[in-house]
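Undergrad: Just dropping this structure here.
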Amino acid sequence: MKITAINVFQVDLPLREGRYSWSNGNFVEVFDSTVVEIETDEGLKGYAECCPLGSAYLPSYALGVRSGLQELAPHLIGKDPLNIGEINRVMDAALRGHPYAKAPIDIACWDLLGKATGQPLYTLLGGAAQDDVALYRAISQEAPEIMAKKIEGYAAEGYTKFQLKVGGDANDDINRIHATRSVLKKSDLLVADANTGWTRHEAARVVGAVSSLDVYIEQPCLTYEESVSIRRRTALPFVLDEVIDGPNTLVRGIAEDAMDCINLKISKVGGLTKAKLMRDLCIAHGIPMTIEDTWGGDIVTAAIAHLARSTPSEFTFSATDFNSYGTVDIAEGAPKRVNGRMTTSDLPGLGITPIFDVLGEPVARYS
């Protein structure tokens with residue numbers, strides 16, 4: 001099998017809540033998502049999606065996905081998409097860094113591998129380890145009482161795990177954490193995610209002020225070293241996300257006991273190939289994961305579901321159904337939330353079919 005063409009689509013994904021806000025005043029109202037279609041000489045087509053969380057969350061941005069694909073695509077025409085290791089080596093040789101731009105190529109090749117072998121991706125990624133996966137709900141940064149009310153609403157929909165967007169004023173964040181924890185059941189999980197927004201002294205204040213609560217602290221500070229400093233000052237369970245951006249940083253974090261859990265975002269690390277490697281390293285070292293991505297719609301959600309379903313439940317801290325946050329469907333067959341959980345299709349590959357009436361014409365074609 002050979003790649004004959006790579007088509008690139010752009011689609012806007014508005015939010016049901018109107019705005020998603022996180023640390024340092026950052027927010028997005030409409031996400032800019034990129035969908036990739038790989039055509040082959042055997043008629044099979046593979047699909048993937050990449051949707052950065054704006055331009056201030058990670059070193060990634062929406063136009064960068066499409067610029068990266070423009071650089072990568074000419075090197076991939078004529079290559080065997082089922083030889084995914086070689087595809088990744090070609091991409092790494094052609095473009096240093098920029099894993100998020102490589103991710104949709106990698107994922108689309110996995111989709112093709114599933115279709116070529118007649119197997120769903122969760123089978124290829126390790127086999128079904130659970131029937132469905134528990135989801136968390138991200139609570140956009142607002143006033144404490146508004147966030148608490150939103151948590152109550154989502155709890156009524158079946159969610160039992162919540163990620164609270166903090167990383168603003170330390171006093172406000174202390175109030176946010178107390179207000180939201182107070183409306184949850186004892187068995188519900190709450191993660192206070194600062195998204196690198198606190199300085200070290202602010203983080204120290206917050207973890208001290210909420211030390212009596214059942215809450216996880218996620219990515220308090222900008223750097224690995226600052227975050228680990230806070231880790232050493234608290235007994236609260238600790239999650240790292242932004243600073244665990246590949247296998248090397250994961251190995252360092254494991255060796256230095258830097259975290260209890262990680263947030264594994266598929267596009268952040270370059271696609272399913274490296275995400276699977278990191279997933280397996282985490283399992284080997286007893287590190288549970290939130291399995292997700294930066295953002296996306298139906299196709300991103302399908303990739304998340306397959307990786308999460310092939311991960312044992314005791315190592316799946318949670319996953320994300322991004323397609324429930326938006327108002328636009330871009331693919332048929334995508335996972336749908338049922339009582340705070342989701343599962344995958346059993347169809348080959350990702351099990352989705354893009355809705356081209358929504359995607360429109362490609363913004364770029366490489367052949």
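Using N, Cα and C of the backbone, Cβ positions are placed for all residues, glycine too.
As listed in Swiss-Prot for this protein:
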ACT_SITE  Lys165  active site, proton donor/acceptor
BINDING   Asp193, Glu218, Asp241  Mg(2+) binding site
ACT_SITE  Lys265  active site, proton donor/acceptor
Undergrad: Between the binding-site residues Asp193, Asp241, whose Cβ has more other Cβ atoms within 10 Å than any of the rest?
TA: Asp193
Undergrad: Would you mind checking how many other C-beta atoms are within 10 angstroms of the C-beta on Lys265 (active site, proton donor/acceptor)?
TA: 24
Undergrad: Taking the Cβ of Glu218 (Mg(2+) binding site) as centre, how many other Cβ atoms lie within 10 Å?
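TA: Step by step: centre on the Cβ of Glu218 (Mg(2+) binding site), count other Cβ atoms within 10 Å, giving 27.
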Undergrad: State the Cα to Cα distance, in Å, between Lys265 (active site, proton donor/acceptor) and Asp241 (Mg(2+) binding site), rounded to an integer.
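TA: Their Cα atoms are separated by 8 Å.
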Undergrad: Take the Cβ of Lys165 (active site, proton donor/acceptor) and count every other Cβ within 10 Å, whichever protein chain it belongs to.
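TA: A 10 Å sphere around the Cβ of Lys165 (active site, proton donor/acceptor) contains 25 other Cβ atoms.
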Undergrad: Can you name every residue in this chain, apart from Asp193, Glu218, Asp241, with its Cβ inside 8 Å of the center of the Cβ atoms of the recorded Mg(2+) site?
TA: Gln163, Val191, Ala194, Asn195, Gln219, Val239, Leu240, Glu242, Asn263
Undergrad: For Asp241 (Mg(2+) binding site), which DSSP three-state class applies?
TA: coil
Undergrad: State the Cα to Cα distance, in Å, between Asp241 (Mg(2+) binding site) and Lys165 (active site, proton donor/acceptor), rounded to an integer.
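TA: With the alpha carbons as reference points, the distance is 13 Å.
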Undergrad: How many Å lie between the Cα of Lys165 (active site, proton donor/acceptor) and the Cα of Glu218 (Mg(2+) binding site)?
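TA: If we compare the Cα positions of Lys165 (active site, proton donor/acceptor) and Glu218 (Mg(2+) binding site), the gap is 10 Å.
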